[in-house]
Amino acid sequence: MIMGEYKIAVIQGDGIGPEVTQEAIKILNVVGEKFHHNFTFEYALAGGSAIDACGECLPKETLNICKTADGVILGAVGGPKWDNVPNAQRPEKALLGLRSELGLFSNLRPAKIYDALADACPLKAEIVAGGLDILIVRELTGGIYFGERGYREGKYGEEAYDVETYSEVEIRRILKNAFEVAMQREKRVCCVDKANVLETSRLWRKVAEEIKNEYPEVVLSYMYVDNAAMQLVRNPKQFDVIVTSNMFGDILSDEASMITGSIGLLPSASLGDSSHGMYEPIHGSAPDIAGQNKANPIAAILSAGMMLKYSFHLEKESEAIENAVKAVLEQGLRTPDIYSQGTTLLGTKEMGEAIAEHI
Ligand SMILES: NC(=O)C1=CN([C@@H]2O[C@H](COP(=O)(O)OP(=O)(O)OC[C@H]3O[C@@H](n4cnc5c(N)ncnc54)[C@H](O)[C@@H]3O)[C@@H](O)[C@H]2O)C=CC1
Ligand SMILES: CC(C)CC(=O)C(=O)O
Ligand SMILES: [Mg+2]
């Protein structure tokens with residue numbers, strides 16, 4: 001008996017994107033079989049591979065496939081091959097376009113240290129004793145990545161500019177999101193900004209002061225982003241939920257990933273007002289290891305797990321994926337990025353297979 005039917009749009013992307021996405025699909029197929037769900041996959045092109053196939057980084061057909069699917073999984077886009085294409089067609093534009101066209105303003109990036117990977121954390125053991133579980137809530141469709149940009153003639157010749165703009169509406173909805181998720185966690189929100197310099201950050205603080213009254217159980221704090229970057233390695237356990245702008249969240253989440261052992265471990269969910277979402281590892285296309293069966297597929301696999309939870313509301317299926325990841329790590333199985341002496345080195349595919357076997 002089939003319990004649920006789900007149509008999933010798959011954008012494999014470039015570099016290691018297809019390699020890690022294939023492992024996520026492998027896991028979804030096993031979960032589907034075990035829990036009697038029918039997951040069907042519709043492939044779509046975006047990024048460099050779309051430029052190569054049809055000259056456009058984000059074809060209309062891709063958007064249609066994503067809009068009509070129950071969830072979207074994405075590998076990563078971009079790479080040196082497309083570094084010199086016109087700006088409007090850069091692979092990264094496809095990613096920004098997908099996020100904004102699908103209305104995915106909230107990007108959840110959980111950074112957890114798995115017990116078995118405690119030795120992969122570069123911080124002193126006493127700093128992360130008892131583990132670590134941080135959630136970065138990154139605003140995803142506004143700020144400097146979406147502001148006006150260009151070139152103009154300045155006082156000293158040509159100059160370039162990128163403008164950061166945030167409206168109250170954009171700030172309110174992401175902050176509300178952060179407070180809501182904090183209510184399911186330790187009820188602490190740290191708003192990371194640069195309010196000593198930026199007007200946009202001062203508006204974030206003004207809105208946060210209003211919203212906090214709706215969540216009296218949540219403790220709200222503020223921190224400047226330069227200090228937050230330092231505090232993340234000095235004492236990451238002080239954070240529960242970090243809420244921040246598009247660019248600051250992009251940077252801080254890469255930093256947080258390294259505390260867990262590798263950027264290849266961190267998944268993400270990009271969500272909007274509905275349960276429709278896009279799920280992608282936080283890493284990029286890693287051209288330096290592409291095509292070598294070296295990439296860690298765990299971030300992509302956990303992203304698929306987040307889709308089961310947030311878009312399909314399949315909690316136990318999502319947990320099964322996380323538990324299988326924990327089990328292989330406890331078995332000492334490692335891709336090169338998290339390998340240490342005494343553990344067993346696996347490739348991308350073999351790691352996917354090992355996780356599949358545990359489900
Ligand atoms: N979501 C997306 O599609 C993103 C795309 N990019 C694009 O990806 C390309 C490469 O960007 P980079 O700055 O090099 O960042 P990157 O995240 O692709 O790679 C940074 C470093 O981390 C390693 N790494 C990344 N993912 C890994 C994994 N799963 N397992 C093991 N090691 C992994 C890479 O080998 C590299 O040494 C660029 O074109 C960039 O614009 C970057 C970030 C996100
Ligand atoms: C195009 C970039 C904003 C992609 C990226 O680095 C990210 O989303 O983490
Ligand atoms: Mg990034």
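Glycine residues also receive a Cβ, built from the backbone N, Cα and C atoms like all the rest.
Remember, it's a predicted structure, so these values are computed and weren't measured experimentally.
Among the features that TrEMBL reports, domain 'Isopropylmalate dehydrogenase-like' is placed at 7-355.
Taken from TrEMBL, the feature NAD(+) binding site covers 79-92, 284-296. For Asp83 (NAD(+) binding site), no same-chain residue that is 6 or more apart in sequence has a Cβ closer than 8 Å to its Cβ.
TrEMBL lists Arg99, Arg109, Arg138, Asp226 with the feature substrate binding site. Under the DSSP three-state reduction, Arg138 (substrate binding site) is assigned to strand.
Annotation comment: TrEMBL describes Tyr145 (among others) as site 'Important for catalysis'. Within the same chain, the residues at least 6 positions away from Tyr145 (site 'Important for catalysis') whose Cβ sits under 8 Å from its Cβ are Leu96, Asn246, Met247, Asp250, listed in sequence order.
A C-beta separation below 8 Å, combined with a sequence spacing of at least six in one chain, links Lys194 (site 'Important for catalysis') to Ser201, Tyr224, Val225, Asp226, Phe248. Per TrEMBL, site 'Important for catalysis' is recorded for Lys194 (among others).
TrEMBL lists Asp226, Asp250, Asp254 with the feature Mg(2+) binding site.
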Query: Three states by DSSP: which one describes Pro91 (NAD(+) binding site)?
result: helix
Query: Here the binding-site residues are Arg99, Arg109, Arg138, Lys294; which one has the lowest number of other Cβ atoms no more than 10 Å from its Cβ?
result: Lys294
Query: Which of the recorded positions Gly79, Asp83, Arg99, Arg109, Arg138, Lys194 have a Cβ less than 6 Å from any atom of ligand 1?
result: Gly79
Message: The record lists Arg99, Arg109, Arg138, Asp226 as binding substrate. What's the largest Cα to Cα distance among them, in Å, rounded to a whole number?
response: 27
Field: Neighbouring C-beta atoms (10 Å sphere around the C-beta of Asp250 (Mg(2+) binding site))
entry: 19
